[in-house]
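Going by Swiss-Prot, these are the annotated features:
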- 428: active site, GMP-histidine intermediate (ACT_SITE)
- 119, 122, 227: Mn(2+) 1 binding site (BINDING)
- 122, 259, 353: Mn(2+) 2 binding site (BINDING)
- 226-230, 353-354, 402-405, 409, 428-431, 504: GMP binding site (BINDING)
């Protein structure tokens, strides 16, 4: 007999103004409890989704986010909590905005492609410049067009960076080092990438021929969906010390944010792994609550193959963002008749939003090696952590939070509290409030474009009819999401950026 909404809510316990606990029993076989972070505005969305599901008993679509967080807590080898960040919404298997860590020393511990997502190493990078808003405003339309001309965008877009089959093999294994070798990146860019832009366990042999075929023409392309390149202006500085370390010292300074991932290649790596893991689950008798949570023991051949292929796709995504950085620097140099160097177009940081990584964490009084899955969530390591660059040792790792089209973005920094509560993880963006299909039904793309124009935002878009899927109305309020993380102490606000021009697929 299905439980009523009231019965379901009896398993959810408020821990603080910004956190709830999901008690064992909410779904079967939970190994650990769940936890999610929300404020009062986001709380209504989360509970309404559960209420609607209880009424309809889950006809079609994904499970509610809170159920997905709990189902992840039932996976073998999970430790700590299954954590939902404030931008959490339902996704394939894991919710988007879900973090889960698995103890590598436990033979039953698993890796799940649904915990990384189809767009492996979808992520964001932020470049600063020495330009002011007043320098850009007179040439804003020309600059937006120059970016649109330089960066290939849209669903089937093909790259302009020359790449043969051998180059692709190298890029899959070398990441940003390939971009450096080929002259598409600056040496300092590598320092300011998560993992220094290269996952060493990558093995191009574990990326299928079909995935490579999809990836070969797409290098240096933005893709569609919520991917974008955005010219932004510093709107607010909350932490002057951290901002100065990032080269941001006043309001009105111009930055560029690039949001993209591993395109069709990453999607194929995930698809291939899910097929292999279904078989491995039968063989190893792994039981899960939701078949979308297909997984394999970390130490199994399927688990290892996926981790090596995923690392290759992650490296491809870093090369992709590096290539677009190269094209962005060219676009700016052309419009301002200068050089990227003279424009001070330095990379502040590059973070991943969809990835699984082996990390050392302190848990139950001892150091443990964990496989941390972050899907729609961002690594946020604290000051003095050995894995963050020298430049940010005193501030904590920069965390880049992209808003939705036409809304603000934020730069946060990692904290010690985040390290203990969420294994050094925070939110990644606004998080969807309306499905893509609902957005298309409810919103008119011309209204969305006019709204952006009224805000003084130039837009160049390859598929105007897809614009309403990415309209601000389709998403949660990014400020609510960021403020929740800030008040929970799992990351701290440093800088707020507002858009003045957007390039989209």
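First residue shown is number 1, and so on along the chain.
From the backbone N, Cα and C atoms, a Cβ is placed for every residue, glycine too.
Shown here: features listed in Swiss-Prot, placed on the structure.
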residue : record                                  : DSSP class
119     : Mn(2+) 1 binding site                   : coil
226     : GMP binding site                        : coil
259     : Mn(2+) 2 binding site                   : strand
353     : Mn(2+) 2 binding site                   : coil
404     : GMP binding site                        : coil
428     : active site, GMP-histidine intermediate : coil
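Ranked by Cα separation from residue 226 (GMP binding site), the recorded positions 119, 122, 259, 353, 428 are led by 259. When the alpha carbons of residue 227 (Mn(2+) 1 binding site) and residue 259 (Mn(2+) 2 binding site) are compared, the span between them is 5 angstrom. Here the residue listed as 'active site, GMP-histidine intermediate' is positioned 14 angstrom away from residue 119 (Mn(2+) 1 binding site), judged by their C-alpha atoms.
Here the Cα atom of residue 122 (Mn(2+) 1 binding site) is found 6 Å from that of residue 354 (GMP binding site). Distances between the Cα of residue 353 (Mn(2+) 2 binding site) and those of the recorded positions 229, 404, 428 are shortest for 428. Other residues of the same chain near the Mn(2+) 2 site, with their Cβ within 8 Å of the Cβ centroid of 122, 259, 353, are 119, 121, 123, 124, 226, 227, 260, 261, 352, 354, 402, 428, 429. Residue 431 (GMP binding site) and residue 259 (Mn(2+) 2 binding site) are 15 Å apart (CA-CA, integer value).
Under a cutoff of 8 A between CB atoms, and with a sequence separation of 6+ in the same chain, the neighbours of residue 354 (GMP binding site) are 116, 117, 119, 120, 121, 122, 123, 261, 374, 375, 376. Geometry remark: residue 404 (GMP binding site) versus residue 428 (active site, GMP-histidine intermediate), CA distance 11 Å. Taking CA atoms as the reference points, residue 229 (GMP binding site) and residue 428 (active site, GMP-histidine intermediate) are 16 Å apart.
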